[in-house]
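Noted in Swiss-Prot for the protein shown:
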ACT_SITE  Asp305  active site
BINDING   His60, His62, Asp152, Asp305  Zn(2+) 1 binding site
BINDING   His62, Leu63, Arg64, Asn94, His309, Phe323, Gly324  substrate binding site
BINDING   Asp152, His179, His232  Zn(2+) 2 binding site
Amino acid sequence: MPIVIRNGRVIDPASNTDRVADVFIVDGRIAGVAPNLSSPKAEVFDATGMIVAPGFIDMHVHLREPGFEHAETIESGSRAAAAGGFTSICCMPNTKPVNDSAMVTSYIVEQARSKAAVNVFPIGAITKGSAGEELAAIGAMKAAGAVAISDDGLPVMNARVMRRAMEFARSYDLPIIQHCEDLNLSAGGDMHEGANSVRWGLRGIPAASEDVMVARDLVLAQLTGARYHVAHISTRNAVAMVEYGRSHGLPVTCETTPHHFGLADADMAPYDSNYKMKPPLRSCGHRDAIIEGLIAGTISAIATDHAPHPGSEKMQEFERCPFGIIGLETALALALEELVAPGKITLARLIELFTTGPESVMRLGRGTLTPGAPGDVTVFSPTVEWTYDVNQSASRSRNSPFHARTFHGGPMATIVNGGLKWSRQSSHIT
């Protein structure tokens, strides 16, 4: 059925649109953006007082399927995405088996086609088993549907292997995404190395562990010409190096997470495992540098790094529990509160970070409301008041530091390929 999204403020950075208008979707695609559109057979969504944007893209999500379905599935993770205003998500390869072959990539594509509430795009591994030694079947994975390659939380430590991976990535025109961490510097660490790690008696992860890897990889990106992307950037020096590379013509991009611009290590509740993630929450100075990078345009995208873990694993001693938090349902609200409400960035810039920014890296053919584009739309309110109850999350996991937080601003409706998948009014996910 056609759908008309009526009377919202339409902001589409891809087409430089910012005006009150209607959005008309027919047969799963954008048919028009203009005032006073109507169709007697169309479903109507009243967006008066709301922002209507291209469907948001999260380029860094862990769906855990296959292999870890007790933590998340493609179905449950995609439902959490819909409830967070995301219409497209890219899933990392740290599954069991690792997504290092066309067989696993095809499995994810087929499961997503039949069960996902939103568009799901798989990311293939750089190396077999993400072991950092032998390159995975990159060409075969791309043919099966992979949109990028990454070993995710297992950085490619061997520079020779990384060089070869970049050469292959360039030949297949795929971005290569690196979790930047020198494991020799960070080994055994549980939180940011600084005054708080000393105070709490926890081993630290120095900012230098990220900086060293970014520096090495920028040299390799210059050597190979690969499209290189830094995942969840978290340090001042790393942001500066990415800016240096971009200013010298390197095809380098980076993303950051809502928790890295919304929290610092000073905000951590001592020994609360819901504040344990990697990269860790850094000092206030590093957090401020991340915000500066978002303002300046050095950072291309906001990505959640949604990393579900069941309570049986996460609620252990801080030193023993796994890294990571869920984030799909709180990302937009955090960005509105921490970035837009204080006047640090505009609504248009926020939407760029969730649409044209990740689209420029992943090249999914999404992230715009121009006629003919897929009918993916995110409707949100900058002011709606709501309280996040992690126990009501669509995710299978509950590991969030934002439980019981009252937000001002958040998603109102998620439309995927012309179908209403979630709305705040009904809270029903289809």
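Cβ atoms here come from the backbone N, Cα and C positions, even for glycine.
Cβ neighbour count for His309 (substrate binding site) (all protein chains, 10 Å cutoff from its Cβ): 28. Taking Cβ-Cβ distances under 8 Å and a sequence gap of 6 or more within the same chain, the neighbours of Phe323 (substrate binding site) are Gly153, Lys276, Met277, Lys278, Ala307. The Cβ of Asp152 has fewer other Cβ atoms within 10 Å than any other of the recorded positions Asp152, Asp305.
For the recorded site, His62 (Zn(2+) 1 binding site), the DSSP three-state label reads coil. All chains included, 26 other C-beta atoms sit within 10 angstroms of the C-beta of His62 (Zn(2+) 1 binding site). There are 31 other CB atoms within 10 A of the CB of Leu63 (substrate binding site), with all protein chains counted.
For the recorded Zn(2+) 1 site, residues His60, His62, Asp152, Asp305 set the reference point as the centre of their Cβ atoms, and the other residues of that chain within 8 Å of it by Cβ are Val61, Met92, Asn94, Gly153, Ala231, His232, Ala303, Thr304, His306, Ala307, Gly324.
Between the alpha carbons (Cα) of Arg64 (substrate binding site) and the residue listed as 'active site' lies a span of roughly 12 Å.
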